[in-house]
Each structure stands twice: as structure tokens, then as C-alpha cells.
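Q: Take a look at this one; I'll ask things after.
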Amino acid sequence: MTVLKERVKIETHKNKAVEIVFIAKDKEGNNITIEEAVRGGEYFCPICDGAVIVKAKGSEAVREHFAHKNKTECDSWNYDMSEWHRAWQNFFPKECQEVIVQKDGIKHRADVLINNTVIEFQHSPITAEEIAERNRFYTECGHKVVWVFDAEGKINNKNESVNTLDPCLCAETDLCWKRPKREFSIKIPENVTIYLQYRTSISNLQYAGQEFDILLEIKSVDSRQIVFYKTFCEFSGTNRGYYIISFNFLKEYGVPIADNIPSITEIKQIVENWRLQLQQLEQQHAYQQQSASKRSGLLIKISPTVNIRRNYVDSLEQYVTPTQYTGWQTKSTQRTNKKFSPRRNPRRKK
């Protein structure tokens, strides 16, 4: 993936941002992505039907895009134009990208609309008021809403005794998201789901020193901490489970992915089943200990590694790491396929 050195430059007209889009209509009404467009072609805005032109085609400094020919503003919302944002959109079928959603004559563009779910990818700053407005508009239109925030460089561990961002090694309340305090006033409403994506090393000796882009599903968020869903099962000092990456996310929201790759819902169910089985084992061991104590008249300590417990632990799957998914490549490997790297270079300018 070509790494851009700066964000898309927005033209201005009377101090207002000019609408920029990645998908336009041709004369026959077909959707045309900016990647398919050619200079001099005749294209139209999908919201106002005004003429748009291809800008920055082939540029390495500015992201190619469509812009209104007459510098009009047809949508009051600001839209993310980062390379990270566009890479995520391109995971989805073209007909699901930048879909027009309208209600009572008001039109807005959803980054992705698939299976009645609007997915918004957010790299650029956005206020709590803007988030709330979009949630309200899309839910009133009958859609579920999913937010994916680019949290690279914005995640901290507030637990000084645990110097890692690996969600396997953190408690679900250890991490905090470095964003302006006013943006944490938002309460996650019903039918809205939030994910954070960031890069971290993982708890697996086989991949020591390598980093992967992972996603956290957020339960709640405020100015002090985030609370995330743990997709790991803790037992006798051993953690087993899954890291959520882009493949699991895509499977969750309807993009055709190989059968051996679980969706996020399937991962959560697998881990919950592990927890329930381990809980049953704990209860069984407590009963065995109580029975042994009654027989001997003494409290007998039973080893936490007795056969029944050890056998069950050995039967659990090892960590499912990103490299076990066909096509995934790590940071230390040259990436030859754009499709599997929706990540900007963390060193480039925001």
C-alpha cells in the first residue's frame, strides 16, 4: 500500500469545506470508484447530482478523489479522507461503499452500508456531538451503527504494573483511549457498536518481536478508561483465546471470508463456552476436595494440575494468531498484497 505523507487537502469556498467523495455516478447512473475513474470523464455527485471532477489522480502527496466542479457544498457532514479509511472501505463490495442514506429529504453518505448496518471508519478527529448526530440519523433510518476508530498511538495502559497493550495480558479495564475529554461524554446507545484498531505485539513466543493490527470491541468508554470484551479464557495462569483482526470483523459484517475464519460473534461464543466448562471443572474439583476432606477428617489440598484439569487445558486450542489466517503478513514481512493491510504508517503526518 502506498503510504501518503499527508491527509487529503480540502479545498475551501467561502470558508466552507468542499464536498469530496470516493464514489461518483457516471451518465448511466453506475457507481464509479475513484480508482476506476479517468481524467476528463463525466461524473456526478450521488447526493446532489452536480458535476464532479477527478482530482489528484496519480499524486503521491494528496489522495485521489472526486470534487464538485462548481465548489458547492451538498452535505453538512465532514468525512474522513485518510488512506486508512479508504483501505477499510475497499474491503467491502463496491455497491456497499458510500451509500446514500436519506430521511425526510436529508441525505448523508454512509462509509459502508451492508446488511442493514452502517459502518463508519474514523481516523480524523470528530466530536461527540458529530458522533451522536450520526448515530441518531442512522438509527432513525432503521440501521444499526458500527464505528471503527483508528486508535494507533492513542492507547495507553494505566496499570503501571502491566507495561503492555496486549489485551491478553491486560484486565478489561486497564486500557485508556487518549482522546479529548469532551468526546467521552457520549454514551454508547443501543444498536451502536464501537471498535478500536491499533498495533501491538502479542503473547506468543513464536511471534516474539512482531506486531499485529488488532481490534477491541468496546463495552464502555470515558475519560479514564475503556472497558473491552476479553476474547481470552484465563485458567491457572494460562490464557487461551483469539485476537480479533480484520478478517474476523469482515466475517462478522457479511463479507465472504473462508469458512475456517470465525466471526466476532463466533469467537465470543467459543470463549464463553470455554469459561463455562472451566467453571464446571472448578465446581467439580471443589466437590472432590470436600469429599476427600470428609473421608480423611482433614483438609487435603488437591493440586491444581490434577489429571482431569490438565487434560482439559491440553485440549484447548492455542492462541489463534493473525498469521494463522491465510494471506496475513506481519510488520516484519514485506507486504505484497494491499488487501490485507488496512493500516497507515504510524510515523506519517496526521
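In case you wondered, yes, glycine gets a Cβ from its N, Cα and C as well.
On a predicted model such as this, the values are computed, not experimentally measured, just so you know.
Here's the feature list from TrEMBL:
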DOMAIN    38-75  domain 'Competence protein CoiA-like N-terminal'
DOMAIN    105-165  domain 'Competence protein CoiA nuclease-like'
COILED    264-291  coiled coil
REGION    327-350  region 'Disordered'
COMPBIAS  336-350  compositional bias 'Basic residues'
Q: DSSP says what for the domain 'Competence protein CoiA nuclease-like' (105-165): how many helix, strand, coil residues?
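A: Summed by class, the stretch gives 13 helix, 25 strand, 23 coil.
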Q: Compute the average pLDDT of the predicted model within the domain 'Competence protein CoiA nuclease-like' (105-165).
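A: Over the domain 'Competence protein CoiA nuclease-like' (105-165), the predicted model scores a mean pLDDT of 90.
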